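Copied over from TrEMBL, here are the features:
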type: REGION; residues: 24-85; note: region 'Disordered'
type: COMPBIAS; residues: 27-45; note: compositional bias 'Gly residues'
type: COMPBIAS; residues: 57-69; note: compositional bias 'Gly residues'
type: DOMAIN; residues: 102-188; note: domain 'Blue (type 1) copper'
type: BINDING; residues: H138, C173, H176, M181; note: Cu cation binding site
Amino acid sequence: MTRHTLDRRTFVRTTAALGAATALAGCSGGGDGGDGSDGTDGSDGGDSSDGSDGSDGSDGGDSSDGGSGEQEFLSEEPDYGGFLDEANNYERTVDATGSESVTVEVGAGEGLAFGPAAVAVSTGTTVTWEWTGEGGQHNVSGSDGNFESETVGEEGHTFEQTFEESGVHSYVCTPHKAIGMKGVVYVE
């Protein structure tokens, strides 16, 4: 009982933090053109960067694929059949097609999410899941049973999977599946 209550509290805190982060991300910029009201001006997005959209705006503050820096998204979302409807940290599908390797954080956000929750890659791409050390013990388990990591909580631990078949490859963290720790690798 106590464990379930703590997980639920952690989930509520995570959801609130992700909501706040999403709201801030929507206000501070990105040139993906989705809603477009502040990405094209340059005058609204004046956080700590200069506001000149050109070379600084596209790279963002973070060099990892799984981080919270500015990312490019697919122009059209794939149909995940509702799998990500309750997923923590899911906003849209990050477009990493053309990359040979991609890193997804395990324990992102407040520790109970994958970062990014959905990523698009090309066939033959290797996805590396890297543990942040946050949120307790996690694993990465393919919903179809094609891959599964061990359950660990150690920061820096990694698990790799190369995706050779196109389609939707969904996965979960088994210990935290019920509270929304889910992700998808969409292979084009």
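Here the Cβ of each residue, glycine as well, is placed from N, Cα and C on the backbone.
Projection of TrEMBL feature records onto the structure.
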residue : record                 : CB count, 10 Å
H138    : Cu cation binding site : 29
C173    : Cu cation binding site : 27
H176    : Cu cation binding site : 24
M181    : Cu cation binding site : 30
Local confidence of the domain 'Blue (type 1) copper' (102-188) - pLDDT mean: 98
Three-state secondary structure, H138 (Cu cation binding site) (per DSSP): strand
Cu cation site, defined by H138, C173, H176, M181: further same-chain residues with Cβ within 8 Å of the Cβ centre: V106, G107, L112, A113, F114, G135, N139, V172, T174, P175, K177
The domain 'Blue (type 1) copper' (102-188) - residue tally per DSSP class, helix then strand then coil: 6 helix, 41 strand, 40 coil
